[in-house]
Every structure is written in C-alpha cells, then in structure tokens.
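Contents: one structure, followed by commentary.
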Amino acid sequence: MNLAAMDPLTYDVQLEAKRVKLKQLFTDFDTPELESFSSETAHYRMRAEFRMWHEGEDLYYYMFDKELNSKVRCDQFLPASELINKMMPVLVELLKPNTILRHRLFQIDFLSTLSGEILVSLLYHKQLDAEWEEQAKILKQTLSSQFNVNLIGRARKQKLIFDKDFVVESLNVAGKQLQYHQIENSFTQPNGKVSVKMLEWAIDVTKNSTGDLLELYCGNGNFSIALAQNFERVLATELAKPSVESAQYNIKMNHVDNLQIIRMSAEDFTDAMAKKRSYRRLEGIDLDSYNCNTIFVDPPRAGLDENTVKLVQGYERIVYISCNPNTLLDNLKELSKTHNITRFVLFDQFPYTDHMESGVFLEKK
C-alpha cells in the first residue's frame, strides 16, 4: 500500500489517469464512450485489516508501505469507513492494559456497513482459553455501549464468536432497499457506495431484457438479487460454501422468489451445460427449462477460462464486470468476434491504487 498517494486533493487527477489508461488499453476494440463512477475521497472502504505492533506497554495498528519498504503506524486510516476510524482508538485503548487480550495478538480485521454495524476479528498466535473468553465477553459488552458491534476471536483451528460472525448491510439501490448478509472472512465489495453504483449500472444495462439470466461467480448474490427484477428467472452459480449460504440468506431476506443458486464452479457448470458430465448437485434442476438470453460474469482476477469464454459466447447479451482489465482484454479478443461492446465503464472501487474495476456490456452481432 502506498500511503503517500492517499491525498484527497489529488483524487480527481488520479481518477483521470485511470480513465486515460483504461481507454488506451482498449484502443484495439470498438468501444463506446467510457462511463466512469467516482468514489468518495475518504472513508470509502467498509473493511480493513491491520497488523498489531507491541512495544513495551504500547500497542498500535500498522500497515506495510511498499514505497517506503517499512511498516507505518496507523492510529487512523483515511480509506476506512468513519465507523472503523471511530472504533480503532477505542478498541486499542481497551486492549493495551489487558494482558490476556493483547498477549500474542498479531492482527485485527474490521468489517463495517453503511447501515452502522461493525464486526471485529482478533487474530492470535496462541490458543484461546476460558480466561481469554471471559475477557472477550467483557470487551464486547464495553464496546456495545458505543457501537453496534460483534466480536470474533481467531487462532489456529479456533473461531470463537460473540455473538455473530456476520453483518447485515442495507443499500438503497435504484430507489429500492436491499439487504445483504456479509459473513466474516468471505468476499464482499469493499467500497460500499461504489458497489451501489455498480448495481445500478447493471440494472440499467439489463432493464429491457427478456427471458432469464445466468450468473457465474455470484458470491453472496450481490448482483443476482439486484438484477432479479429485470428477468423472469435467475440461475446463479458459486463455489464457496460460506458465500452460497449468505446468498440463500439474502434471497429470503429480500423476498426474491425467482432466483436459484447452485453450489458449483463456473468450470463444472460449463461442462454440465455442454452435457460433458452430469452432477448430483444439479438433480432436480432442469437446465433446459431456462431461457437465458443474458449472462452475467464477475470472475476472479484470472478472468474466464477458454471453455467458459465459449459458453459465454452462446448468449445474446453479456454483462462482464472485471477486477483485472488485462484479463478482460484477453477475454474480449474472443468475445468481440461474436459480440459488439455497447457499454464500457470504470468503477473506482480502489482509490489511490492502480487497481481498476471495469465492465462491458456486449450484444451479439
């Protein structure tokens, strides 16, 4: 992390540099005008992780600055949500005099929401005993006088929860209130307000759709739930078990009755669609009954593998969100043979870094 780059006064210049870089990267393609969605310049990250440094009686958060090649003390952290910044000094002052809770504590993770919940995970290089558990309960009770907080203690093969290991985020998306169960230690979009802009963009590009939607890599149902209003039915796949459980929770919480989640990888689903293999997890699901004209993909940094690209090319419309423009570029070399790029977008999920969250909407030629 380059802490020196985190200057709100230079934010607009840094965002424009990303816009220029992204447009240059895709010059070989016939792309429409680049849309871009900016971030807040401070307090935009809903989660943060800090290592802990012990120095005599002192105890403080730190991060490693790659530019300086050294650790940097972080009493406050500009990118983190206001709630995390409010919690940081209160928590560390309670930990400093507590020899049981601070002993062998090496990391603290925070997960917060725009709706005011915060989850704190304390990570240790020791086993957590009954004495630690008693002190953790007191800590949670003390923090609860100021915060809507839950607490987790983690050590090797241990996870102690006081009282929940998740938060519930509430987002206003295109005038509709959506709730999302976000579990500790699983993927969620880090920038809450930009995540809303991503959902609204996806709703907009698919607003006149017909038939059904297929989503690969659906996570906790973040996009599927928001997009269900635009389709007759939605079929979504996700491999990670905690994310699938969150997705099922979110379906019920948001009263979505036209969304089916399947726990399997995109690669296995591709084989199932091609009738190469049959899977027990698909028993009772008639894939042929779905009339999916649109496919939504938000793959890992590695992008889509060759077989999944071929699967995706079979759909009339493709919504592709990417956390790695280089792998999106590689995938578009094939996808552009069969589809036109009709929308092109940059979401600044990660201000003050080189990371770019981008997206395209493609329609069959």
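Yeah, the Cβs are placed from backbone N, Cα and C, and that goes for glycine too.
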From Q189, Q260, Q313, the one annotated by Swiss-Prot with Y217, N222, E238, D298 for S-adenosyl-L-methionine: Q189
N222 (S-adenosyl-L-methionine binding site) - helix vs strand vs coil (DSSP): helix
